[in-house]
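Worksheet: the structure to be examined is printed underneath.
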Amino acid sequence: VCLFFMAANVLEEDSMEQDIESPVTIHQPKLPKQAREDLPKNINKECAKRKIQRYVRKDGKCNVHHGNVRETYRYLTDIFTTLVDLKWRFNLLIFVMVYTVTWLFFGMIWWLIAYMRGDMDHIGDSTWTPCVSNLNGFVSAFLFSIETETTIGYGYRVITDKCPEGIILLLVQSVLGSIVNAFMVGCMFVKISQPKKRAETLVFSTNAVISMRDGKLCLMFRVGDLRNSHIVEASIRAKLIKSKQTKEGEFIPLNQTDINVGYYTGDDRLFLVSPLIISHEINQQSPFWEISKAQLPKEELEIVVILEGMVEATGMTCQARSSYITSEILWGYRFTPVLTLEDGFYEVDYNSFHETYETNTPVYSAKELAEMASRAELPLTWSVSSKLDQHAELETEEEEKNQEERNERNGDVANLENESKV
């Protein structure tokens, strides 16, 4: 019995220890896939460092796929834009299919009219007036439909005045054919004249750099235009794409923050004749205010730059995009100059457009540099204040000494008077 109770006590102690040592299972709330992947580092420090997923690729295309779109009817309400946005192979296929279907449809109606009137039974009869002369089958009706809609008019197949239904069909096909021509040709023209190809001649530097400019830490990248025709009203802007968690615990996977590239000074409006270096001053309003050289590779961020303007030749708005991730931001580098003065003109060497060279740049963040500068200025202020304090103390000491001397003199005079009286 004693052994039984001892064994029971041991089992109870083991179970209590297991209950104490067993971890408490906490059920985490379900998060979206992107939110689960972009959780902050402090949530799970043992997770391996994952590759940064681009929001915008280097060629300017957005790396976003739209899934589970149930309201697909919205694409049909704007069919013109839908056709323009399609790839060329699908656009050409739809272009050919629309014309072929309309020709076949009206060709079938012309054949039905001829068949119902009995024109097929009086082929070669000179006393019979058909609806369409020389229409002897479906193939000839299809050819007549093509001639009617495209207004070719070879003159061999002609509609007669003894066919009112044919005249009405001719009017309907002419009107609908004009609408189809306007729609499809307009769609093809917009597809050809899209300014996307013009954006391919607007180039961005492969890397962005961080270095000192006019005594301030700046983030810089270079843009250029390969064509001689200029971009009118060109403007540049930049966005910082970085995950963020608010104070209330809300997780924002792709938070967008503006990066000032000269909005208040007008430097964001460019005269893009030669390559330009776009600069962002890292100040207290900058999202890079507290980022140092050692901390930069640990950040998971992306800088999206957008260049907009009107094409001088067509007047259409053009937009070129690119992006930089942390591995493409070089700390302590500058861009190699590409503009040289030749005999009567300036020449741009695009072979050196993406080249950089190393320069002497502090490894501290802009915030730390500002604190160092403020501390370097403090001894001067301290010396001035200390001198003022010392001067005030000397004045008080002199006043005290003068007061003591006066008191002593007054005391001596009083003693002399007393002695004289005695």
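Cβ coordinates are placed from backbone N, Cα and C, and glycine is handled just like the others.
As written in TrEMBL, here are the features:
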type     : residues : note
DOMAIN   : 56-195   : domain 'Potassium channel inwardly rectifying transmembrane'
DOMAIN   : 202-372  : domain 'Inward rectifier potassium channel C-terminal'
REGION   : 389-422  : region 'Disordered'
TRANSMEM : 92-115   : transmembrane segment
TRANSMEM : 127-146  : transmembrane segment
TRANSMEM : 166-190  : transmembrane segment
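Distant neighbours of the transmembrane segment (166-190): 80, 83-84, 91, 95, 98-99, 102, 106, 109-110, 113, 131-132, 145, 148-150, 159-160; these residues of the same chain sit at least 6 beyond its ends, with a Cβ under 8 Å from one of its Cβ atoms. Here the transmembrane segment (92-115) has Cβ contacts under 8 Å with residues 83, 86, 130-132, 135, 137-138, 141-146, 148-149, 163, 165-166, 169, 173, 176-177, 180, 184, 187-188 of the same chain, all six or more residues outside its ends. The residues of the domain 'Potassium channel inwardly rectifying transmembrane' (56-195), classed with DSSP into helix (H, G, I), strand (E, B) and coil, number 88 helix, 4 strand, 48 coil.
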